[in-house]
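First up is the structure itself, then whatever we jot down about it.
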Amino acid sequence: LQNDDFQALLLYFEPISALSQTPLSWSGSARLWEHLHRSKGVGRWVAPPSGHAPCPPRGALWDLQAGCAVEVAVLRHGVPAGKTPPSPQLRVPHQGALPALVPSSQLRTRSSHLRPHPAGLYTRPGCRGPCTALLGWGPHLGCPPGLGLCWRLSSRSSFWGAGKEPVTTHVPGSSPGRRSRCPFCPQSPVLLASLGVGLLSLLGLALGSYLLRRSRRPLVTLLDPNEKYLLRLLDKTTVNHNTKKFRFALPTAHHVLGLPVGKHVYLSACINSSLVIRPYTPITSDEDQGYVDRVIKVYLKGVHPKFPEGGKMSQYLNSLKLGDVVEFRGPSGLLTYTGKGKFSIQPNKKSPPEPRVARKLGMIAGGTGITPMLQLIRAILKDPEDPTQCFLLFANQTEKDIILREDLEELQARHPNQFKLWFTLDQPPEDWTYSKGFVSADMIREHLPAPAEDVLLLLGGPPPMVQLACHPNLDKLGYSQKMRFTY
């Protein structure tokens, strides 16, 4: 290529946290282990920490037999292979695009079985006919606005070992058990460049009508409940004395999380050499594009006598800096709300979902157990054709512990006939006008719907509250197990 307007591939590796934040000088260096540090802004190249092995714990591109994972980011206005970029901190407009050219000077492999091609395919040395290709495509990367599919270098189940036969249909012309044809020759860079441009053109023509049809659909982030997705921390704000709201960026401004109402996600992190996983329900919905919000109570070390070490995940999240990334996985959960009072509930993980219809929905929440309730209340109230009535009993220790109170009271004011809200506090102030003390049978009888076939009660909060206060009182009042669901 004779101009600077082609799209060049830059690589970065997982886990991002294993990389240094020190910008790397470009002079005299074009090795593969010049990592792109996505968490500090897509487009910044950094070197691995001093003495760190070139391949991070999860592997790197050159060690295919170890099952290395790799993702790509794309410069819309890149530089030709072998040229020096104008800045050591290049800015990339999107976290993904339509890469077809892989500058060979930026790809080096330590495997004797594979050879990088500038057009993005890996082949065996000397391959001139059928060969093993590694270029896959799918929606795993954040795409530019309007694009539902993006090219990527295959990872995990999508690639195969050095010298092995491909077992994927991700490469055009491939099928399971067959090798894809690559009419490229490593010794012909001009032909390769032309073919690379041709790939972009053909892909654009093939996807044109499809993308037009999909252009108005939001892009979904959580495509596979078994995959982990790295999301970058955008903002962190204080909600009250021990609770914070964390906003994470989705792959593009046109992405939604893709979480059905009633479901939650898992956040995971390696903390003190141990894997820690916690479930959280967002307070945003799929009407919010480009970001997702979590409200999380931070349990600090040495504050609560029952938890002297504090909360592992909450303290970890609290320590994050803007731009750091966290692993998300989902959707997960046993309950899904499909609208107009219709629920799909699994008694346990191995059971098939059972349909339920509720005209009246009672909820007992404690602390941050309010988040799945708020998600459901908002979904019901925003639908003018949903007649489901909601009754919420919200328990906390003190008045300052009540999170999302303004949101709840606003919803009650706007829908006074459909949403009933009541509070109880263990340690109320003198002028408190709501209930006092733990959740009791009287509170349930007065503020939640009575037992009936069309009533469903949802419980969420600290286990002692649910097990010692809620269930015994529900048994006493005649609510059957079928009328209850515990988050």
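Every residue gets a Cβ built from N, Cα and C, even glycine.
Computed from a predicted structure; not experimentally measured.
Record features (TrEMBL):
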type	residues	note
BINDING	Arg278, Pro279, Tyr280, Val295, Lys297, Lys312, Met313, Ser314, Thr371	FAD binding site
DOMAIN	226-338	domain 'FAD-binding FR-type'
TRANSMEM	190-212	transmembrane segment
Rounded mean pLDDT for the residues that make up the domain 'FAD-binding FR-type' (226-338):
95
Helix, strand or coil: which one is Thr371 (FAD binding site) in, per DSSP?
helix
Can you check what DSSP calls Arg278 (FAD binding site), collapsed to helix, strand or coil?
strand
Relative to the Cβ position of Tyr280 (FAD binding site), how many further Cβ atoms are located within 10 Å?
21
Cβ-Cβ under 8 Å from Met313 (FAD binding site), same chain, 6 or more residues apart: which ones?
Leu267, Ala269, Ile271, Val276, Ile277, Arg278
For Lys297 (FAD binding site), just give me the three-state DSSP call.
strand
Cβ neighbours of Thr371 (FAD binding site) where a neighbour is any other Cβ within 10 Å:
23
May I ask which residues of the same chain, at least 6 positions away in sequence, place their Cβ under 8 angstroms from the Cβ of Lys297 (FAD binding site)?
Asn242, Thr243, Gly311, Ser314, Gly367, Thr368, Ile403
Span of the FAD site, taken as the largest CA to CA distance across Arg278, Pro279, Tyr280, Val295, Lys297, Lys312, Met313, Ser314, Thr371 (Å, rounded to a whole number):
20
Return one of helix, strand or coil for Met313 (FAD binding site), based on DSSP.
helix
